[in-house]
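Participant: Quick one: the structure is below, questions incoming.
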C-alpha cells in the first residue's frame, strides 16, 4: 500500500496544476496561457534528469531509497506552490519572486515524478509473478488515474464551494495544501516496506563477483524484451536490443558507484543500450500526448472557448472513472497477448481517434461533441499499463532503474511536456494542429513497437 498510496499522491500533486491552469494564469502570468503551459513544461525538462539520477540511486542503493526521496520531494514542492505570493495579490516584486519559486517547485516535481517511475516500476516488475506482470503493472496507471481523478474532483469541489471569484483570489491554493497529511502518511509507510528480492540478489552478486550468467538478466526471470506472444517473455538480450552481459553490467555499476561517477555510468549505459533507449522513447509517445495534451490541455482549451468549467471538469471526471474500470482488464489482456502486440494496438487506436475526435471537439467546444471528445480521449488509452511494462522489459535488473528513469521520462518530457506548448502554438496555424499531434503520437508508438518486433526476429 505505501507504493500505491504514494503513487496516487504523486500524480494528484502533478496533475492539480493543469486543472488550475486558469487560476495560475491569472495569478502569476497576467493572463498568458503560453507562459502558463511553459511553466507546466518545466517539470518535463526535469523528468529525465530526475529519472536518471534517482534511477541510478535505485540501481545502486535500492528501489526503496529512490521512492522515499521522490515522495518527499513531491510533497514539499506541491505544498510550497500553495503558499506562494502572486503578482495578482501581492504586487510585481513579490509576484516575480512567486514566479521564480513556482518554476523551482515545478522543477522539483519533475525530478520526483521521473524518479517515481524508475523506482516503482522496477520494484513491481522484480516482485510480481511473470505471468501476471501486465495485471500488476496496471495498478500503476490505475492509481495514477485515481490521483488525477482526485485532483480533478478537488478542484471541481472547491470551485463549487467557493465560487469563481474566491477560487481565483485564494481558493486555488487549497488543492495544493490539502495533500500534506496523506503525503506524510505515505512518507511514513514507504520507509517501512521491504526491498526487492531481485535487487538484493543483484547486490549479493555484485559484492561476490561470482555467479554471473551469460545473458543480461539471468538473475531476473521477470526481465524481457517486449514479447509478442502470449506465453513467455523473450530474454532482455534479444538481438538488436541487447546490452552487455550481466557480469559486465555489474562491473560497470560497481565501478561507477565506487568512483561516484554517475555521469560515467549513464554514458556507459547509453553506449550499451542506445537502441533500447530509442525504442522506449518512441513507445511512450502516445501515452505522453494522451495524458498531457488530450487529457489536460484539451480541458483547459474547452474552458477557454466557452465550456463552463464545471461541465468540463465533470466530463473529464466521468471519463477518468471509466478509465479506472478498464485499467485492470487491460493488464489482463497484456498478459494474454503480450506487451509488444498490445502496444501496437495502443498506438494504432490513438492514431485513428486523435484527429477526428479533436476536430469534433474544436468545432463545438461548449457542446455535446466536446463532452464526447473528452470521454474518447480518456477511454482511448485503455492499455495504460503497456508503456511502463514495455520500457521495463527492455533493460536488465542491474540497469533497470536507470533505463526506465532516463528513457521513459525523456519520452514523456519530449512528447508530453512540450505537447501543450506545441498544441497551443499550432492553433495559430490551423484548427487541426492539436489533432494531428495526437494522431502522430500514436503512429510513433506503433512504429517503435514494430521496430522492437523486427529486432526480436
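Numbering starts at 1 and runs along the chain as it is shown here.
Glycine residues also receive a Cβ, built from the backbone N, Cα and C atoms like all the rest.
OK, TrEMBL features for this one:
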type     : residues : note
COMPBIAS : 212-230  : compositional bias 'Low complexity'
DOMAIN   : 1-457    : domain 'Major facilitator superfamily (MFS) profile'
REGION   : 210-230  : region 'Disordered'
TRANSMEM : 34-58    : transmembrane segment
TRANSMEM : 65-84    : transmembrane segment
TRANSMEM : 129-150  : transmembrane segment
TRANSMEM : 170-189  : transmembrane segment
TRANSMEM : 276-304  : transmembrane segment
TRANSMEM : 311-330  : transmembrane segment
TRANSMEM : 336-355  : transmembrane segment
TRANSMEM : 367-390  : transmembrane segment
TRANSMEM : 402-423  : transmembrane segment
TRANSMEM : 435-455  : transmembrane segment
Participant: Between the stretches 276-304, 336-355, 435-455, which one has more Cβ pairs under 8 Å with the transmembrane segment (311-330) than any other?
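Facilitator: Maximum Cβ contact count belongs to 276-304.
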Participant: With pairs 6 or more apart in sequence, are the transmembrane segment (435-455) and the transmembrane segment (34-58) linked by at least 3 Cβ pairs under 8 Å?
Facilitator: no
Participant: So which of 170-189, 336-355, 402-423 is most in touch with the transmembrane segment (65-84), counting Cβ pairs under 8 Å?
Facilitator: 170-189
Participant: Below 8 Å between Cβ atoms, which of the listed ranges 34-58, 129-150, 336-355, 402-423 makes the most pairs with the transmembrane segment (276-304)?
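Facilitator: Looking only at 34-58, 129-150, 336-355, 402-423, the most contacts with the transmembrane segment (276-304) come from 402-423.
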Participant: Go through 129-150, 336-355, 402-423 and flag the stretch with the largest number of C-beta pairs under 8 Å relative to the transmembrane segment (34-58).
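Facilitator: Checked against 129-150, 336-355, 402-423; highest Cβ contact count belongs to 402-423.
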Participant: Under 8 Å between C-beta atoms and at least six residues away from its ends: which parts of the chain pack against the transmembrane segment (402-423)?
Facilitator: 34, 37-38, 40-41, 43-45, 47-48, 50-56, 58-59, 110, 113-115, 117-118, 121-122, 265-266, 269-270, 273, 276-277, 280-285, 287-289, 291-293, 296-297, 301, 387-388, 391-392, 394-395, 433-434, 437, 441, 444
